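Asker: The structure that follows is given in the form of structure tokens.
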Amino acid sequence: MAGAEVEEEAGIPKKIESTEEVLIKCQCWVRKDEEERLAEILSINARVSPSKFYVHYVNFNKRLDEWVTGDRINLDKEVIFPRPKRQLEEDTNKKQKKKKKFPQKAAVVESDAKSSEMGEGSDVMDLDNLNVRGLKDEEISREDEIKKLRTSGSMIQNPHEVAHVRNLSKIIMGKFEIEPWYFSPYPIELTDLDVVYIDDFTLQYFGSRKQYERYRKKCTLRHPPGNEIYRDDYVSFFEIDGRKQRTWCRNLCLLSKLFLDHKTLYYDVDPFLFYCMTRRDEMGHHFVGYFSKEKESADGYNVACILTLPQYQRMGYGRLLIEFSYELSKKEGKVGSPEKPLSDLGLLSYRAYWSDVLITLLVEHGKEVTIDEISSMTSMTTTDILHTLKTLNILRYYKGQHIIFLNDDILERYNQLKTKKRRHIDAEKLLWKPPVFTASQLRFAW
């Protein structure tokens, strides 16, 4: 098996007496939530007393990484130290020499196995290859995944930045205290502070409450600095041009990076439009979430980055953002898809949205419909539609063609959707025309 060949290099277990002996890349047992978890030391801050250690819990999401003090590290158990680089190279060379023995025999066995699999039921098309190249069920390392990221849009190839240690401990926005998930390139003077204050309306950042309150008294802005293109009794949407509102959009990118890992946001915001969702009260329009969109996307993406702030998550706002992005695509007369790769939370949200839209359309349409017709009605790409149908397990191969089969589970899910009181975007309240940019307006300075 190919997977058996990939082995993690074992470290050197060692008993230590003090946390002063702990080094970066060591693995040790750390107390968290009344249990001990194996964690890797990513950084050490010796400028404070007592020293703090930035840890990543092995096999857990990166957003759980945190700073811990030495008293949470269990020194009764052995600490695993990384092997010296020279020893690693010697071990790697030995393994490569072993792999060179009998390579042809292994290859023949593998090819025979593949040919026997293809021989049976070869008249059934493999749905994994239906216009969905690049989404195979394969395991790739984090480094390989970073190399595959796009270098246009909201992505850049910078593995060092992706691996940064989270640098802010806590932010306060309005009445909410929020713990950031990831690194964001805020000014270095803010990184040693216990709390950073971020204004609810301008997204400007401050190192002290006094600075923030003085600024708030003078600032009159009470909504995102753009055109309000949608309003209902629940939310509003504003369209902001990154070229016209650089400072506000850069502040938005800094805030977003605290909660987005895969996406590495450009500091140059000129190529993007930002669509910001707000909730209104007597104070003004409070920022809830947003998605950005390239003014001219060569890949046909209708979303570059999408985020609902943590204090508003699990309240249906993310779904409204997704729905709104497709309403814009319908107005443009185009199909669209979010920029890949999506974050884990983003992927779950999109899959749920695509599934619900397709189930509702297929049940209520009640007639034969092609994939292209579904695409034109929903503005979803055929790739996203086929993936979703495959995930729902309702795409069948029958008499030489693919058909969509609505089983009892799908009908039951449709009935459940109808009983849910979800909010939706009212297309009639969208006052917007697709912006048109000249060649000079799309010429961005670098």
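Quick reminder: no glycine exception, Cβ is built from N, Cα and C everywhere.
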Asker: May I ask you to find which of Ser329, Ser343 Swiss-Prot records for the acetyl-CoA site already listed with Ala304, Cys305, Ile306, Leu307, Thr308, Gln313, Arg314, Met315, Gly316, Tyr317, Gly318, Arg319?
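Answerer: Given Ala304, Cys305, Ile306, Leu307, Thr308, Gln313, Arg314, Met315, Gly316, Tyr317, Gly318, Arg319 bind acetyl-CoA in Swiss-Prot, the matching entry from Ser329, Ser343 is Ser343.
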Asker: For the motif 'ESA1-RPD3 motif' entry in Swiss-Prot, name the matching range from 180-201, 246-267.
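Answerer: It is 246-267 that Swiss-Prot describes as motif 'ESA1-RPD3 motif'.
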Asker: Looking at the binding-site residues Thr308, Ser343, which sits with the largest number of other Cβ atoms within 10 Å of its Cβ?
Answerer: Thr308
Asker: May I ask you to report the DSSP-based helix, strand or coil state of Gly318 (acetyl-CoA binding site)?
Answerer: helix
Asker: Tell me, how many other CB atoms lie within 10 A of the CB of Gly318 (acetyl-CoA binding site), whichever protein chain they belong to?
Answerer: 25
Asker: Far apart in sequence but close in space: which same-chain residues, 6 or more away, have a Cβ under 8 Å from Ile306 (acetyl-CoA binding site)?
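Answerer: Non-local contacts for Ile306 (acetyl-CoA binding site): Gly289, Tyr290, Phe291, Ser292, Gly318, Leu321, Ile322, Ser325, Pro338, Gly346.
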